[in-house]
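Asks: If you scroll down you'll find the structure; I have some questions about it.
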Amino acid sequence: MSTPSTTARLLFEEEPSAQNDKDLGNWTVKTVNVRSNGRPSPRMKNNSERRHNIWLYFVVALVMLLLGILIGHFVLGQFEAKCENDDRDYVPTPSLLEQVNQDCGSDFPWKQIRLPNDLMPLSYKLKIHPNLTTLTLKGHVDIHIQILERTDIIVMHALKLNLTNFHLWVGPQLVTAKNKTCNRLALWVFQLDQDVTPTDRLKISIDFTGLIHKDLSGLYVNTHHNNDKTQTLSAITQFEPTQARKAFPCFDEPNFKATFELSIVRDPDHLAIANMNQVGQEKEDEYVVDKFAESVKMSTYLLAFAVLDDFRKVRRMTKNTKNPIEVNLYASRESIKDQAEFGLETGVRALEFFEDFFDLPFPLQKTDMVALDDFAEGAMENWGLITFRDAALLYNQNGSTERTKEHIALVVCHEMAHQWFGNYVTMQWWNDLWLNEGFANFMEYLCVDHLYPSWKMIDVLFAENFIQSMQLDGFHSSHAISTPVEDPAQIGSIFDAISYQKGAAIIRMLRGLAGNEPFQKALQKYLQKFAYANAQSSDLWEILQQHMKLSVDVSVTEMAEAWTTQVGYPMVSVSLTNRSTFTIHNQRKFIFLEEARYPNETQQWPIPIQYQTDRSKELELAWLEADQQEVHIELDRPARWLIANTQSLGYYRVLYDAASYTEFINQLTIDHKKISTIDRAMLINDAFSFLKSGHLGVETVLNLIQYVKEGDEEDRIPWAVLINSLKSIENMLADSPSFGLFQTFERSLILKTYEKMGWSRPRSHVDRMLQTDILAFACRLQIADCTKNAVLKFNQWVKNKNSIFVDIQPFVIEEGIRRGTVSDWERVYNEYMKTIVPAQKLILLSALAATTDVQLIQRFLNMLLDPNIIRPNVVPKAFAMLMQNKAANLHAWRFLRRNYEKFDKMLGSTTTLLGFAIKSVLENFNTQFDLDESHSFFKNKEVLAFFSFGGGYSA
């Protein structure tokens with residue numbers, strides 16, 4: 001075997017620049033020098049055998065290191081586990097009751113978080129005036145209420161509102177009542193002087209005032225900065241999950257569905273929009289009052305309205321729906337030009353797709369899509385008025401990447417799916433949030449795959465749902481898909497990868513078992529049965545049971561509940577008994593951290609084992625039932641290997657025996673396409689996960705991925721999974737002497753593929769996505785040809801912004817900043833401040849975060865606190881960008897701690913933004929010291945509620 005230094009010099013040609021050297025003690029790794037014209041440089045020829053040897057040295061060095069640190073590396077996972085222990089219970093405990101008694105008085109008549117079930121609102125007639133000059137609101141609401149049980153109190157939600165007057169009628173009779181307020185529970189109680197019964201009709205009229213908030217929730221202010229350095233203010237709503245109560249008094253729980261008749265008072269030069277179409281207008285003093293049609297029956301969190309200043313719209317009509325539907329895209333006057341077409345076209349086609357797929361007409365005359373500068377989430381599915389973060393809706397052909405285009409298509413389809421799953425039929429309570437989000441997440445991929453079939457989005461579904469949710473779900477700090485929640489802070493925290501992505505994965509599994517057509521028919525019946533109402537998971541299982549039959553002695557309900565009510569997921573082992581018999585056995589819960597595994601773990605799942613061998617063309621199905629120890633698969637034809645869970649039908653990991661891994665390695669080396677794209681990606685992801693959990697050795701994992709070195713892996717998904725897996729190991733080794741050695745190994749994997757990619761723009765979407773992944777990773781690894789080309793193209797870009805195609809701009813401009821001067825940074829900063837293309841703004845911001853200059857890092861950090869430079873909703877993403885820069889990690893962590901109160905005030909501990917900002921920092925930590933320090937700092941902070949369930953997001 002060659003010595004380490006000799007092997008490295010054989011593989012990596014030295015470059016004079018000492019700037020890129022990585023000191024590894026006794027030897028130095030230089031940046032790679034290859035040509036990108038598809039041919040290796042002269043020194044690279046005929047050295048495949050010598051290149052193959054580097055991993056042998058790497059194994060010896062890395063095994064010693066990994067055994068010491070891998071099991072304890074997940075700082076974020078352990079941090080969340082600590083938070084879970086620190087913040088266990090949000091239901092009314094004695095301490096909460098004590099707070100209620102102290103803050104609201106011991107005689108306050110209702111001391112529970114949830115509203116009583118003795119009343120049901122039928123309709124709201126709401127008139128509201130959001131004053132954008134004073135940032136205050138004034139309103140009046142009439143609520144007609146059905147009485148379900150005898151009571152003498154009306155309990156409703158109100159938060160940060162002032163009650164100025166109210167009247168109560170029982171039938172035609174005006175009655176007296178007393179009002180009591182409990183801010184701790186966000187409740188108003190009206191104590192009647194008499195009981196009311198189900199035979200009575202009840203109406204309450206309330207006058208109230210409040211604020212237009214700045215924390216991106218409730219009714220809040222959206223600020224748009226114009227190129228002429230002026231700004232315009234608009235008012236917009238974000239009510240999910242529990243923020244309608246900040247805009248008007250209401251029954252703010254999803255099961256209290258009602259109709260809404262809305263009137264909005266505005267300045268004459270503003271524009272008002274709402275869920276429904278406008279049906280009237282009148283003048284009132286110096287203002288205009290817009291009146292909107294009565295809504296369909298819906299939950300309060302879906303009510304939406306906006307008062308917009310200097311917005312424009314582009315309009316289309318659907319052609320393939322039962323009734324023509326008007327679809328409008330609204331954006332600021334400056335932003336809408338050349339950026340509306342793709343999002344609007346996708347919205348129209350998605351609406352047509354879902355109406356046909358669900359066989360249920362869209363019930364409104366119009367739907368609006370609004371692009372906002374200030375928006376906490378990705379998007380929000382308000383019925384008929386969908387709100388988006390501008391970067392999730394606006395696409396500019398010259399300024400937005402293919403990745404942005406794909407993201408916009410997915411988000412638009414996600415929100416259109418919600419018009420049925422979530423709006424037509426809503427979960428009974430937030431514990432079944434996944435009924436909304438899991439289905440929308442699954443359906444968005446079906447939708448985009450239908451609209452743009454060449455993008456191969458079903459493969460992307462695996463990479464972006466299974467893998468991400470399995471990462472979070474591999475810790476005890478995870479939660480079940482259907483999980484008990486009560487307090488608003490707790491509700492916000494379950495908008496996460498479990499509700500969205502694991503939910504989608506379980507739905508995909510059920511669809512795979514039922515068959516596409518029976519599953520579609522079941523969904524149609526479910527929507528028809530519960531239209532304009534609420535449902536629980538059990539309602540869906542009951543209907544699915546009528547349309548699918550499992551080839552095992554277990555009901556659909558038992559099957560589904562095992563996967564939705566238990567935390568985590570299983571792993572199984574596969575052993576090659578002989579060429580004709582494989583054994584599936586040893587079901588147990590998968591946990592990353594060995595010390596977190598419970599010896600008496602009793603969780604079990606009925607596991608569908610869809611499998612395929614090297615000799616079979618058809619997929620076969622077997623079952624490992626919950627109480628089975630093992631199942632033997634007898635093959636008709638002898639086979640060298642068997643892939644269990646092929647196509648990732650089931651939500652579990654598969655650990656193979658040594659003989660099977662040897663066969664997989666041989667197959668991948670000889671003809672990797674014999675194993676499907678998703679199965680290759682699954683093998684890679686499972687192998688790295690088992691490496692991290694201590695179930696699989698380093699040598700096996702590295703042998704498994706050796707096949708990519710030949711440059712023949714041309715599918716996007718296996719590469720995306722491999723690159724993310726390698727990056728996770730990089731993060732663990734960041735402070736280790738072996739970091740440079742690991743990057744040497746990574747370079748050996750990517751060289752030939754990088755050579756094949758070249759720098760010319762591919763024609764297809766999937767090839768563009770692969771090219772950007774490979775080139776970005778090659779530059780990240782400091783391959784000399786890549787960095788040389790990137791700097792060259794950066795200099796071209798500086799002179800002419802249209803000189804390079806947009807897909808390569810992110811890593812080209814980053815490399816230009818990383819190797820450039822202060823003047824280069826200033827040029828990019830000026831372009832960032834000038835551009836009105838949201839996607840381009842994010843590209844430039846990410847590049848600014850790549851600087852290694854300490855003063856510029858500090859300047860970037862200061863920008864985080866200036867909303868005129870970086871909008872608050874972008875701060876978490878900006879933190880994540882900065883944490884990708886190893887030179888900035890410590891500075892960012894110190895800055896967050898030093899300015900925590902400022903970030904708390906700006907982002908709000910009640911929103912997910914602050915939690916995301918913190919999470920982006922913690923994800924890059926990898927030592928026990930980091931864990932102890934972070935937990936010590938955050939243990940008394942309110943944001944812990946965000947981490948008690950893993951942290952969330954919304955769309």
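Glycine is no exception: its Cβ is also placed from the backbone N, Cα and C atoms.
Note that TrEMBL annotation is computational and uncurated.
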Asks: Can you match one of Glu402, Glu406, Glu437 to the Zn(2+) site that TrEMBL gives for His414, His418?
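Replies: Looking through Glu402, Glu406, Glu437, the residue TrEMBL assigns to the Zn(2+) site is Glu437.
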Asks: Taking only the Cα atoms, work out how far Glu437 (Zn(2+) binding site) lies from Glu415 (active site, proton acceptor), in Å, as a whole number.
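Replies: Here the two Cα atoms lie 10 Å apart.
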Asks: When neighbour density is defined as the number of other C-beta atoms within 10 angstroms of a residue's C-beta, which of the recorded positions Glu415, Glu437 has the lowest density?
Replies: Glu415
Asks: Validating a neighbour-count step here. Other CB atoms within 10 A of the CB of His414 (Zn(2+) binding site): how many?
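Replies: There are 27 of them.
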Asks: Enumerate same-chain residues with a sequence separation of six or more from His418 (Zn(2+) binding site) and a Cβ-Cβ distance below 8 A; give 'none' if the list is empty.
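Replies: Once residues fewer than 6 apart are set aside, His418 (Zn(2+) binding site) is near Glu381, Asn436, Ala440.
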